[in-house]
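J.: Below is a structure I'd like to ask you about.
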């Protein structure tokens, strides 16, 4: 592995809209109590396994920022440098933002639902500017004209990977342990790149909330262990299965 640092990926803890099974995207919702507990536990896992981050990267969304703060506090690393970028934001779900996943699936059918939710290159319909769940008036995104109106995973790859290559890789090359606290789809975009996954294979990848995923990288920034290693594999498997089942009607 040489002097290359270690990369730790962490999806935010369960959010209010995760719990309600709503498409969230760029809507800025908070964490549930379960999500806050997941964040604290993630920091404990980092400390227990002596995987203490030197620098943190996160998005501009509070569910990631709060998760990062709670995790760092739990690991006694609140003092490390923090860098935030909209490029780490969740995928923008367009006009689906705020809609119930099960109701959307029932209305449009399984095939269309899965294409919008998990395909690599099929974006949902555009969100209307000025509508309840759009971000065009949000001051966080004034320098990017309010941000996208919809995105597919390919769009997330296109906005995130240049930031990873131009900014984050420098810390890894310097031998630092880098913690990225982000979102299901921004992390899927990065994992696709790291593990060189095909457009077809990425469809089946689900990332659970609140469980650190460790990547040891070689000098070419390729994973020593393909797919990385979850610090709590059993909980990660259960969490990924729960993510995969989203869209099922409630009993």
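Each residue, glycine too, has its Cβ placed from N, Cα and C.
Computed from a predicted structure; not experimentally measured.
Take a look at what Swiss-Prot says about it:
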type	residues	note
BINDING	11-18, 24-25, 63, 90-93, 101, 117-118, 184-185	substrate binding site
ACT_SITE	12	active site, tele-phosphohistidine intermediate
ACT_SITE	90	active site, proton donor/acceptor
SITE	183	site 'Transition state stabilizer'
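Looking at the shown structure, can you explain where the listed features end up?
T.: Secondary structure at residue 101 (substrate binding site), as computed by DSSP, is helix.
In this structure, residue 12 (active site, tele-phosphohistidine intermediate) belongs to neither helix nor strand by DSSP; it is coil.
Around the Cβ of residue 90 (active site, proton donor/acceptor), the number of neighbouring Cβ atoms within 10 Å comes to 26. Secondary structure at residue 90 (active site, proton donor/acceptor), taken from DSSP and collapsed to helix, strand or coil, is coil.
In the three-state DSSP reading, residue 183 (site 'Transition state stabilizer') counts as coil.
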J.: Of the recorded positions 12, 90, 183, which one sits closest to residue 25 (substrate binding site) when you measure Cα to Cα?
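T.: Comparing Cα positions, the closest of these recorded positions turns out to be 90.
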J.: Counting other Cβ atoms within 10 Å of each Cβ, which of the binding-site residues 25, 184 scores lowest?
T.: 184
J.: So, three-state DSSP: helix, strand or coil for residue 25 (substrate binding site)?
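T.: Coil, per DSSP.
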